[in-house]
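Among the features that Swiss-Prot reports, Mg(2+) binding site is placed at D723, D727. Feature annotation from Swiss-Prot assigns compositional bias 'Basic residues' to 18-36. As annotated by Swiss-Prot, compositional bias 'Polar residues' applies to 223-237. The annotation phosphoserine is assigned in Swiss-Prot to S949. The topological domain 'Extracellular' annotation in Swiss-Prot covers 117-139, 317-328, 799-808, 873-924, 977-991 and rests on sequence analysis. Residues or ranges marked as transmembrane segment in Swiss-Prot: 96-116, 140-160, 297-316, 329-346, 779-798, 809-829, 850-872, 925-944, 958-976, 992-1012.
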Amino acid sequence: MGLWGKKGTVAPHDQSPRRRPKKGLIKKKMVKREKQKRNMEELKKEVVMDDHKLTLEELSTKYSVDLTKGHSHQRAKEILTRGGPNTVTPPPTTPEWVKFCKQLFGGFSLLLWTGAILCFVAYSIQIYFNEEPTKDNLYLSIVLSVVVIVTGCFSYYQEAKSSKIMESFKNMVPQQALVIRGGEKMQINVQEVVLGDLVEIKGGDRVPADLRLISAQGCKVDNSSLTGESEPQSRSPDFTHENPLETRNICFFSTNCVEGTARGIVIATGDSTVMGRIASLTSGLAVGQTPIAAEIEHFIHLITVVAVFLGVTFFALSLLLGYGWLEAIIFLIGIIVANVPEGLLATVTVCLTLTAKRMARKNCLVKNLEAVETLGSTSTICSDKTGTLTQNRMTVAHMWFDMTVYEADTTEEQTGKTFTKSSDTWFMLARIAGLCNRADFKANQEILPIAKRATTGDASESALLKFIEQSYSSVAEMREKNPKVAEIPFNSTNKYQMSIHLREDSSQTHVLMMKGAPERILEFCSTFLLNGQEYSMNDEMKEAFQNAYLELGGLGERVLGFCFLNLPSSFSKGFPFNTDEINFPMDNLCFVGLISMIDPPRAAVPDAVSKCRSAGIKVIMVTGDHPITAKAIAKGVGIISEGTETAEEVAARLKIPISKVDASAAKAIVVHGAELKDIQSKQLDQILQNHPEIVFARTSPQQKLIIVEGCQRLGAVVAVTGDGVNDSPALKKADIGIAMGISGSDVSKQAADMILLDDNFASIVTGVEEGRLIFDNLKKSIMYTLTSNIPEITPFLMFIILGIPLPLGTITILCIDLGTDMVPAISLAYESAESDIMKRLPRNPKTDNLVNHRLIGMAYGQIGMIQALAGFFTYFVILAENGFRPVDLLGIRLHWEDKYLNDLEDSYGQQWTYEQRKVVEFTCQTAFFVTIVVVQWADLIISKTRRNSLFQQGMRNKVLIFGILEETLLAAFLSYTPGMDVALRMYPLKITWWLCAIPYSILIFVYDEIRKLLIRQHPDGWVERETYY
């Protein structure tokens, strides 16, 4: 049996690669893929090892090592040659040029490149067959290429800080390790540590490999980055737990030794360590496409289908109408390019960037632009507990003295004014908590509030120190008046801490003070303090103690007991107290009370969880902490709502076995990590489907990953929060990984898509709102942009079908798409949310697309058609004013385009030269362009909302007002600036020609207000089903 114990699991020290016979290339690839898949499945399995169960003799035999002298130098060299260095294999990284190419040629850019190439092809055909071709298609090709390159560079720059997960794993590796080889202690590079090496660690060291301890003195390790446990964990040679992650005789690679010393045997190195497996798991995970990327891909397919369909239809139609095949090809290319919204790529990029900047101001740092929108699609949030839902600092929550439970202040401000302080018992309790305490404030922090001051010492002692400093008096003064003369530090065997102090009165005697596990403290006591008076311990007191202990423990709080003894006068000042061979009394102490501590919820979290619930988002707690604590916090923040019961609580209330509880009666469930170990996918799916309120406690990194995959399997868009190394696989696998900026490890930050700078869960809800808003606003922006496609395409179609002079040229289309439409489209990114944004269910990425048939129907079939009518109305008005009635324009195209025909007659017999005709044609094209700008005013205003009336939403978006002014001034500038007739073929217009479009603008506004009114009055009615995009 290997180190991992079970068949089908990876043995960490089986580090020699197996040889395979050479096979064909295709088969090799298939084998490789299958192997990768199998490896990933094995990585997801729980850590299985038996080294923690072995006796020292068995350990010595297994690794062929002397437990006092270690390996010989020769033996260590052989193992190093065979097993390889003690390093974590870095994953293959994507080269920067590949990332840049993805920005330049991926997604929407591909559509624009296609447009640019088609334009160039059209220009080449014109050059080949015409003596003096127009250069419109060449200009269009160049402009499209520039647009793609500029926006590609911009996007690459925004996402240049891509995640390099293994960098921080490298940083975590200690450089030197102290090993014993051939009976001698020696410092070696950590890469040279081998399986079976005898290693020594001390406080402040990082553990160089996975170790099985054979001896330890007061050793504590910080496993928080690996298991999520906030308290330092004691380490000893004893086998204390079946689970290798929880037993005390294993130390894990790259965790920190906080205090004490230990000696151990290396049982895994490099990739085979628990941390190495997490690294492999994180870097080997396949990351899916972001919802917004999928939406843009869907949009491209849609636009491409529409463009090709129209292009091919009119190519066939132009051939039927008698055009030559070359002209028909030019038409085909022209129609396809006219369908490409050139400005949309830049608009989407700028919208996402603006939102990312806005979120950064709200403490959400977005590493991947597309993650902004993903957060808005989120339907499930798997949140870590410590530091995300809680304040990440132990705080005194309750006290029990004088037979009464008192509540302390756990708010983030901590005023400490919530209970009576007149009792002598409280006076004694405060003194013990302050004196029998090794924590201290760091220097030069007097100006900071007590709650914000940094301390030395463990979390519980620091909590007591701050609490006494706030609620009683200066601890430093108290310690000065009562100097410590002897101490027994807390250890996991004794489960108490004892200190002896000189009394501050003039008696020159000592007081012994003790704190520790309540049941242990009670064993030392024969009396108790009640209202300052000492009484003999009795059954009533013991029962009251037991009830208080159970009540506070049931709240998920860490409870400590406190007692004291005034030592007799024979132990006066100068007595040599010996804590190794006890020479003073340690029995018949006086019990004072209990103090309980908890890492309290953040103030803003309950409201944030409530907002998630009303927004249809399921919040699941996934923590490495104890189930009782996890459940208490879940109830405190509303993940388990008031009145909701678990199966255990229903069973207790009805006094029936759990097996008889109706599953539908228990809406909430607390799942222990041990239960998840052997659970099947179907059973996990049932838990996730049947319980709206879920807490997973004591989970391992692999289990967090399995939970995320389970949610995704059920179709959820999953956001995961985490701060430890243990969270990084789940962060990477999630649709959006959210790391903690303050408490987060480097690994978690680099596996994540987004970082919460203030570590606050409430910031996620802000992010969800921003994500939904950007999706709404992108929809509005696309709706606005696509609408002008119809008045851009129809002139070309009428030019082919009706044979009229071209109403709108290529250059003027570019002026709309990359000029007048850009700022207004971007201004919609600044639009504030509609009132229902956090009250509707999360969008379904499969059905609720960014661009759906209803949006296309509105943009192309309704608003776009009104705009096209406006354009043609202006076009025919100008030509009529110049003598060409609409009916006489039909079929005039060939004569109109004939350069050698200089006596073309209008409806009134006036003759027009080719030059004169072109001036009128370009004036009409300028007027058509201006008309589109005027009707786009109305389109922009109606795009502000999808359901609400403009009168509900208001006109508070100043950027949008600026957008209307900008497009109007730009249109005027292009029309009236001298020289534009040569540069862009734009001519000055009469003021009355600007007014032709006003009635159509009013029509668009009134039409859309009536549509939205019908949607509001008849939810789920025909109008909503067909037009609510």
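Here the Cβ of each residue, glycine as well, is placed from N, Cα and C on the backbone.
Using DSSP to sort the residues of the topological domain 'Extracellular' (317-328) gives these counts of helix, strand and coil: 8 helix, 0 strand, 4 coil. Between the transmembrane segment (297-316) and the transmembrane segment (850-872) there are 3 or more Cβ pairs closer than 8 Å, counting only residues 6 or more apart in sequence, so the two stretches are in contact. The secondary structure of D723 (Mg(2+) binding site), as reduced to three states from DSSP, is coil rather than helix or strand.
Mean model confidence for the topological domain 'Extracellular' (317-328) is a pLDDT of 81. Annotation note: the residue listed as 'phosphoserine' sits in a coil segment as assigned by DSSP. At the 8 Å Cβ threshold, with sequence separation of at least 6, the transmembrane segment (809-829) lacks contact with the transmembrane segment (96-116), having fewer than 3 such pairs.
The binding-site residues listed here are D723, D727; among them, D727 has the most other Cβ atoms within 10 Å of its own Cβ. Of the recorded ranges 96-116, 329-346, 850-872, the transmembrane segment (140-160) has the largest number of C-beta contacts under 8 angstroms with 96-116. When each of the listed stretches 96-116, 329-346, 850-872, 958-976 is scored by C-beta pairs under 8 angstroms to the transmembrane segment (992-1012), 850-872 comes out highest. Below 8 angstroms of C-beta separation, residues 815, 819-821, 823-824, 826-828, 830-831, 926, 929-930, 933, 936-937, 940, 944, 984, 986-989 of the same chain, each at least six residues beyond the ends of the transmembrane segment (958-976), sit close to that stretch. Within the chain carrying the topological domain 'Extracellular' (117-139), a Cβ under 8 angstroms from the stretch's Cβ atoms is held by residues 326, 329-330, 333-334, 336-337, 809-811, 814, all 6 or more beyond its ends.
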